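> Okay, so Swiss-Prot annotates it like this:
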{"type": "REGION", "residues": "1-34", "note": "region 'Interaction with CDK2'"}
{"type": "REGION", "residues": "1-20", "note": "region 'Disordered'"}
{"type": "COMPBIAS", "residues": "1-12", "note": "compositional bias 'Polar residues'"}
{"type": "DOMAIN", "residues": "33-201", "note": "domain 'Tyrosine-protein phosphatase'"}
{"type": "ACT_SITE", "residues": "Cys140", "note": "active site, phosphocysteine intermediate"}
Amino acid sequence: MKPPSSIQTSEFDSSDEEPIEDEQTPIHISWLSLSRVNCSQFLGLCALPGCKFKDVRRNVQKDTEELKSCGIQDIFVFCTRGELSKYRVPNLLDLYQQCGIITHHHPIADGGTPDIASCCEIMEELTTCLKNYRKTLIHCYGGLGRSCLVAACLLLYLSDTISPEQAIDSLRDLRGSGAIQTIKQYNYLHEFRDKLAAHLSSRDSQSRSVSR
């Protein structure tokens, strides 16, 4: 007869034959109201669907189906392809497209910021989605750093009156104190309007010189 300790070990041993069960909780989406920047739409933010990393065990098929059932039409993904592989969802972008969700992939390094030209492109694409009343979601890995940075930039992009601090506060009220995670991201927000204006001015100058 086996000693009790070995019986317990065999009963609760999580071997390859008995994989850890995926989480059954619905994926949590936070909806940012854009009413304060004269837009009637909401922008969704969430963590990486289907993520399997450390103690997180989500089911990518289930999460994707939930997003589809929520009516999500466009998704902006800020994870790099390397991250998608690391977090065990290497085919996530294809899966979105198979579900009929339009996918906008704008990779930003974890903890980092996009260059201003890339950020301007993201702002223009987001604005187009929202103006066309498309239900839009953005996500990175945790839904706190890069996603909140982009959402805060959108608030500044859509309104001249909201301040960087107010934009940060809006995201922290929505996603918690971990939103906007690095000094680099914090500084980027405070410099965003000046850099955007310089970029747009340069782009206009180039287009004028080409058309001559």
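Heads up, the Cβ atoms here are built off N, Cα and C, so glycines get one too.
A quick note: this is a predicted structure, and the numbers were derived from the prediction, not measured.
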> Note down the number of other Cβ atoms within 10 Å of the Cβ of Cys140 (active site, phosphocysteine intermediate), including every protein chain shown.
26
> Give me the mean pLDDT over the region 'Interaction with CDK2' (1-34), rounded to a whole number.
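Over the region 'Interaction with CDK2' (1-34), the predicted model scores a mean pLDDT of 60.
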